[in-house]
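Student: Following this message is one structure expressed as structure tokens.
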Amino acid sequence: MLRALCHGLLLSSLLFCASALQIGFPRCNCDGDSLWSTESILQCQKVSDFLIAAAYFSIPLELIYFATCSNLFPFKWIVFLFGAFIVLCGLTHLLNVFTYEPHSFLLMLSLTISKFFTALVSFATAITLLTLIPQLLRVKVRENFLRIKARELDREVGEMKRQEEASWHVRMLTQEIRRSLDRHTILYTTLVELSKTLGLQNCAVWMPNESTGEMNLTHELRQRSSSDLSSHSIAIDDPDVMEITETKGVKMLRPESMLASASSGGMHEPGAVAAIRMPMLKVSNFKGGTPQIVEASYAILVLVLPRDDSRVWSYQELEIIEVVADQVAVALSHAAVLEESQLMREKLVEQNRALLNAKQNAMMASEARNSFQRAMSQGMRRPIHSILGLLSIMQQEKLSQEQRLVVNTIAKTSSVVSTLISDVMDTSTINSEHLSLVMRPFHLHSMIKEAANVVRCLCDCRGFGFGFRVDNAVPDRVVGDERRIFHVILHIIATLFNGHNEGFVTFGVLNYDEVKDGQDQGWVPWKSSFSERYTCVKFEIGIKRSQNDEPGSSTVQLAPKSYSKGFEMGLNFSMCKKLVQMMQGNIWAVPNSQGIAQSITLVIQFQPQPLTPVSDVGESSGLYHTSSVPNFKGLRVLLVDNDDDNRAVTRKLLEKLGCSVSSVTSGIQCLSSFATASMPFQLVMVDLHMPKMDGFEVAMRIRKFRSRCWPAVVALTASAEDDVWDRCLQCGMNGLIRKPVTLHTMAEELHRVLQNT
């Protein structure tokens, strides 16, 4: 607009000059006696020209001073050009002062020359301004550009200051959040610090509940009762919730949003509402050893501005929210890991406590088992072994027929009791139902008569009658486990006695009739294993009311009684049935009308034994013998056993065989006896299980003696383990006798050892 005004004034002055030249003013009449006379006008012009000249001469001095003092002005030459123009203009006005008086030609020539140079300089200045104005405009544009850049720089500096302030707030929030590893403390600290930093009306946290498919309001800045918090829930498939969980940044919520209204803290008109997701820790299942990644879940942080505040969410505040949300997610992940590790630690402590209790219980059970074994060994097995040893000596004496029958019966029952005790102790040791069979030849008829004698004695004691018959077709010489069969027969009698108070006991032994007994249902499971090389014997034992009554004919399987597990395992009916099945047989019962076993049938397969001398069969059985035994007269024996009763019985057996016996109670005394003995010992009989120094160590030390003739070493043991003989051979022993020790078993082993050495 200023440029247009200048152009208008210039055009008006040109038109005015042109009109003045065309019209022409008449020569004024300056003569008169008024104030503005010619003389007065000339004086005024003279003074004006002088002042103009003075002003013109002072302006160049100021321009020169500005040009010399300023280093920023890029056009110093134009200053000098303007100075020359102004000086010449002042010089023209100064010369014009002297033209109002009479003047010379030289003054007019000087004035003319001055005006000519003034005209030239004025024209040059005008031409120069035409080229200088664009450059001056460019300087103005550059100034504006620099001014804009300065404003942008100020804005960037302000942004940096705001970012620094925001980072300071974030650091402060992070420090406050990380001061605790408790999830609730972290969330409440976040709400409080965000409210202080951003000036919020309310701030709320929504947690997912996968089981119900809802988002629950768990933490809020404006405290409400727990019932109010629990009543606020939003479905996970809500559009706003789904959009927030799928968006990484901050999401602005509409005022009518359910999530915004529920997070307003009870205010009806909340301000601007922003929400952001917070990823929760991915839960891992460490039970199987390999982590199992489950689907990610997100919590939602909702922030509400005050209604009366006209401000909206700024970019800086949104950045603070995003950074704080990430920090809270990390802190919550750490808290979740800590909670998981604490839970795992508590579980490990509980498991360790349970393991310690189990270990203590196992140690107590082991101690109880050891105590039981010691009690069984000292209270039952050792006395039975001593009885069997003494009975074997009595069998070699001259006895009447009745006395021999009693001694043989006692020896048979004692052998069965010894076997049962060994079964109980082996079962308690290995904690399993371990049973074994010893198959060897024996006289079946003799075993049946001995069993019948025992049953007769029991019937007499209880007031029962007794009947006994044996079929002539039953074989006599067979191969089987005589002790186990005797045990099963005694158990059948005990089972029948438990269900009756009186009656008549029948004991019959028959040969198996395939035509007659093939239809028996109790025989069906076993019949498929029958072989023509074996013979089958059936034992029928029952109780009748009187001698003339007949037992029932219906046959059903007898259900085993409910016995407790452990030490009674070898005495119950199920174990007897297992023994019978191991011998390729079966056992079943016939009940009466009250469901009580009235008769029990036992069927067993036997392998017939070829005809051999009676002495051979008797020696193979090993239970009792009446034949003569070899004599080891003069054999010097050192007996080592810490048990007084067993040592006395074993000494008696050795002396019965004709040996010269010296006995000691420990391994240390045994080794000392070699140094003090007047005559060297030919045989050492040592018990393997002794305190301080057992039989294995005694044998190894004897073999280390520097002697050309070592004594033979025979071990005594009540253990039924299979690797005992291998350990004996490794220690340099020559023989092994398993308890109970009888006269014939000792004689046979000594005979074998002495022949081999």
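Numbering starts at 1 and runs along the chain as displayed.
Here the Cβ of each residue, glycine as well, is placed from N, Cα and C on the backbone.
Unlike curated entries, TrEMBL annotations are predicted automatically.
According to TrEMBL, the protein has these features:
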BINDING   Cys89, His93  Cu cation binding site
CROSSLNK  Lys739  ubiquitin cross-link
DOMAIN    636-754  domain 'Response regulatory'
TRANSMEM  50-68  transmembrane segment
TRANSMEM  75-96  transmembrane segment
TRANSMEM  116-137  transmembrane segment
Student: Tell me, what is the mean pLDDT of the domain 'Response regulatory' (636-754)?
Tutor: 86
Student: Tally every other Cβ atom lying within 10 Å of the Cβ atom of Lys739 (ubiquitin cross-link).
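Tutor: Looking across every protein chain shown, the total is 23.
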Student: Please report the number of other Cβ atoms within 10 Å of the Cβ of His93 (Cu cation binding site).
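Tutor: Taking every protein chain into account, the count is 22.
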Student: According to DSSP, how is the domain 'Response regulatory' (636-754) divided among helix, strand and coil residues?
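Tutor: Helix, strand, coil within the domain 'Response regulatory' (636-754): 51 helix, 25 strand, 43 coil.
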Student: In whole Å, how far is the residue listed as 'ubiquitin cross-link' from Cys89 (Cu cation binding site) when you measure between their Cα atoms?
Tutor: 155
Student: Roughly how many Å lie between the Cα atoms of His93 (Cu cation binding site) and the residue listed as 'ubiquitin cross-link', rounded to a whole value?
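Tutor: His93 (Cu cation binding site) to the residue listed as 'ubiquitin cross-link', Cα-Cα distance: 160 Å.
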